[in-house]
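*Asks:* One structure follows; several queries about it will come next.
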């Protein structure tokens with residue numbers, strides 16, 4: 001037996017990334033022996049073997065310029081006879097480039113991740129809102145807000161690090177990490193909204209910069225048009241300059257980021273030095289007194305003011321400043337070693353930015369009062385009356401403005417407190433410029449990089465145009481222009497107070513899914529989950545995911561609903577489209593775990609009649625060759641029962657791969673498994689299928705096959721095998737169904753003109769009668785023998801489907817002329833107890849009558865070639881002949897089964913009279929005893945019962961065990 005036709009679809013050739021020097025498992029007759037690694041290896045020298053030692057090339061899908069990629073020999077090559085395969089060395093590729101491609105710019109963990117993340121985390125909130133938050137919440141609660149925010153981003157950073165170190169990371173950043181972990185459904189939706197959120201964030205940061213510039217212009221009475229249009233003009237000019245930097249290449253963009261980082265560090269240094277320098281009287285009048293213990297004590301406790309004066313109010317304002325931790329991961333394709341750079345750079349960025357937030361909140365809370373008037377004359381000596389506040393200890397009386405709540409300065413009132421404290425105030429403005437521009441530049445780079453990867457995966461229609469890369473860095477110039485246009489649109493609107501919460505929620509959505517990805521990959525216990533970064537916890541990741549969702553609603557509940565709604569919509573689209581991608585996601589691992597658990601759990605549940613389902617093993621061969629048979633069985637098994645299309649491969653090799661047949665079934669929306677076995681003949685193959693197909697309780701209990709229409713032209717042993725399959729099914733307690741259609745089931749004959757009909761049919765979708773609505777026709781059921789109820793259950797399952805729902809089921813049974821009415825009422829009562837809804841029951845008293853003589857003559861002519869007398873040799877006895885050829889029918893056997901033969905002839909006459917216009921005819925299949933009834937005679941019975949009938953005919957025989965019950969337990 002040749003088993004090579006049933007080789008696994010997981011071949012080495014599928015891992016070679018299109019290399020021409022690959023080993024094929026698909027029956028190719030040649031391979032390149034020079035590509036076999038053992039030829040150049042000394043490990044197995046002296047042995048006549050193709051076996052190879054382990055090599056990096058065997059597991060990599062990339063090639064190194066100037067060195068031929070080695071390939072692992074396939075099991076077929078190691079196992080097969082060398083003489084059976086001719087060796088054909090391939091000529092080197094003439095089109096192979098002679099020079100190595102230019103090496104793109106790559107960045108390390110510091111410049112590529114840490115600095116980028118720190119710049120994206122720092123923003124205007126650090127300079128303009130952190131002092132105000134410190135005044136509202138106090139130093140103590142501000143530290144708690146900072147630490148909680150950093151804990152969430154830290155947990156997300158740990159999850160990101162774990163995912164990023166579980167295999168080689170390519171370009172695409174956040175989208176790549178989530179999609180390759182959770183699959184295209186969630187990954188695609190997050191990738192699209194994350195890219196959009198980054199594009200809009202460019203506008204947000206640019207407008208923040210433009211507003212600062214406009215405020216400085218206003219202080220000097222300089223204006224171009226008016227306040228709103230000045231912001232628009234400055235914003236458009238700024239984002240255009242940032243686009244030019246981005247499109248110049250990652251080297252220029254990275255240099256600009258380093259410059260911004262230097263400016264921010266100088267502004268920090270100026271601020272720290274300013275806290276130490278003794279305050280001038282002008283600064284003291286505005287509330288700055290350098291470090292004072294009583295100021296620290298006063299500002300350590302909360303001082304809530306206004307509608308936003310609450311812990312969660314301050315938390316919602318501060319938390320967006322802790323985001324931005326994915327800026328480094330978003331350019332994963334431009335990193336030297338993403339597996340090292342992303343964990344190290346991201347976690348260090350979170351650490352240092354957290355330290356900076358804690359230091360600034362503590363220092364400014366120790367130096368500046370909450371309220372100050374700014375008037376140089378508001379001293380204790382010059383003002384009379386009661387003095388309130390800590391300023392009294394240093395000779396300043398701000399009682400009047402504190403009482404009237406009109407103080408213009410102090411932490412609670414003056415957003416530019418850091419400029420007040422700084423040794424050189426313009427450096428703080430420069431820091432604000434650096435923070436906003438660096439964040440805008442990081443987002444302008446992140447959005448196109450993420451979107452380019454999404455475009456290349458082709459999950460959504462109409463976006464592939466933007467995925468094209470240019471230059472040695474594969475820069476997505478088209479995506480840059482798209483992000484630029486989006487940013488311009490929102491800059492021109494200049495009203496981002498409504499959009500900003502949505503963007504924050506989009507980022508939080510990404511954090512939640514990254515944390516959930518890490519948790520899900522860990523909980524599924526997939527062998528492929530092996531991150532080299534060990535400092536993570538699946539339960540911390542789950543906590544981070546839950547907290548991220550909670551924060552979404554705490555920030556802005558309606559924005560959270562919008563973000564979640566968009567994710568669900570995009571998720572539903574990808575689920576509907578089912579893109580042809582396979583990334584080994586944790587969802588696949590989870591599906592396997594759940595299926596395995598459920599299948600094992602079914603072993604503990606005993607079968608019950610109420611839960612009986614016809615689980616069909618369909619002998620379809622290649623499903624595309626018998627679409628009518630597959631469509632019909634799928635009608636009543638889809639979403640309700642097990643269906644397995646089986647193919648027995650004998651002499652000829654299977655033309656199409658298993659995956660091709662599964663794609664054909666999926667495209668036809670048929671929910672079925674596909675299983676092949678290799679055997680010497682059909683009978684042996686089906687025996688293997690009947691005994692081994694299925695898993696636990698998920699095992700077929702009904703064998704379905706097509707009627708052998710050409711049995712009279714076939715070899716006698718083929719008839720013997722065909723009937724033997726039915727006998728084997730009955731021996732193994734299977735029910736059996738045989739479908740016959742007037743035009744036949746096998747459509748491969750119509751493709752004889754083609755060299756490879758199976759390959760052609762595997763890509764086509766022919767229409768069958770079972771795909772259309774049947775209308776108000778009838779399903780005629782001839783329940784002549786009680787088989788346990790399968791003959792009644794199948795039409796009931798059909799009528800539950802829309803295509804058959806309007807059909808009327810008519811049940812015909814045999815009876816006696818004298819008791820027709822009594823038998824009819826008795827059968828009606830029985831069917832009503834089964835709750836099948838069949839009302840039309842007819843008793844056929846003439847079913848046992850004598851058939852017409854011409855029909856008897858036609859049956860005798862049908863069986864005549866298989867009579868002993870027609871093939872008996874001279875001098876041979878009849879019994880010896882039938883002993884050697886069991887398919888022959890002797891005169892004695894004809895007489896023994898004469899009554900049963902006449903009944904089948906008469907049944908065909910009755911069906912012709914009653915069911916000529918039915919949509920489907922279901923008939924109880926006769927059973928012939930194994931060893932007693934010749935196979936040719938049994939075949940003749942099946943032929944004569946279903947002969948000359950226009951509607952499809954289904955011959956059904958249950959396994960004589962109840963499949964219907966009238967009881968509730």
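Even glycines carry a Cβ here, placed using N, Cα and C.
Keep in mind that what you see is a predicted model, and the values were worked out from it rather than measured.
If you look up TrEMBL, you'll see 1-23, 78-105 marked as region 'Disordered'. TrEMBL lists 1-17 with the feature compositional bias 'Polar residues'. What TrEMBL records for 34-98 is domain 'Amino acid permease N-terminal'. Feature annotation from TrEMBL assigns transmembrane segment to 107-128, 140-166, 186-210, 231-250, 256-277, 311-329, 349-369, 420-442, 477-494, 506-523, 543-576. Per TrEMBL, the feature domain 'Amino acid permease/ SLC12A' maps to 112-617. The domain 'SLC12A transporter C-terminal' annotation in TrEMBL covers 626-758, 764-968.
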*Asks:* Using a Cβ-Cβ cut-off of under 8 Å, list the residues of the same chain that are 6+ residues beyond the ends of the transmembrane segment (256-277) and lie near it.
*Replies:* 111, 115-116, 118-119, 122, 245, 290-291, 356, 360, 363-364, 366-367, 418, 421-424, 427-428, 430-431, 433-435, 437-438, 441-442
*Asks:* Check the transmembrane segment (186-210) against each of 107-128, 140-166, 231-250, 477-494, 506-523 and return whichever range has the most CB pairs under 8 Å.
*Replies:* 477-494
*Asks:* Relative to the transmembrane segment (506-523), which of 107-128, 231-250, 420-442, 543-576 accounts for the most Cβ pairs at distances under 8 Å?
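*Replies:* It is 543-576 that shares the most Cβ pairs under 8 Å with the transmembrane segment (506-523).
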*Asks:* So what pLDDT does the domain 'SLC12A transporter C-terminal' (626-758) average out to?
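*Replies:* Value for the domain 'SLC12A transporter C-terminal' (626-758), mean pLDDT as a whole number: 86.
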*Asks:* Can you tell me which parts of the same chain pack against the transmembrane segment (311-329), counting only residues 6+ beyond its ends and a CB-CB cutoff under 8 A?
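*Replies:* Same-chain residues near the transmembrane segment (311-329) but 6 or more away: 112-114, 116-117, 119-123, 125-126, 129-130, 133, 136-137, 141-142, 145-146, 148-150, 152-153, 156-157, 160, 164, 173-174, 177, 335, 338, 341-342, 345-346, 349-350, 353, 357, 439, 442-443, 446, 500, 504, 507-508, 510-511, 551, 554-556.
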*Asks:* Counting CB pairs under 8 Å, which listed stretch among 140-166, 231-250, 420-442, 477-494 touches the transmembrane segment (543-576) the most?
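*Replies:* Looking only at 140-166, 231-250, 420-442, 477-494, the most contacts with the transmembrane segment (543-576) come from 140-166.
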*Asks:* Helix, strand, coil: count each for the residues of the domain 'SLC12A transporter C-terminal' (626-758), based on DSSP.
*Replies:* 54 helix, 26 strand, 53 coil
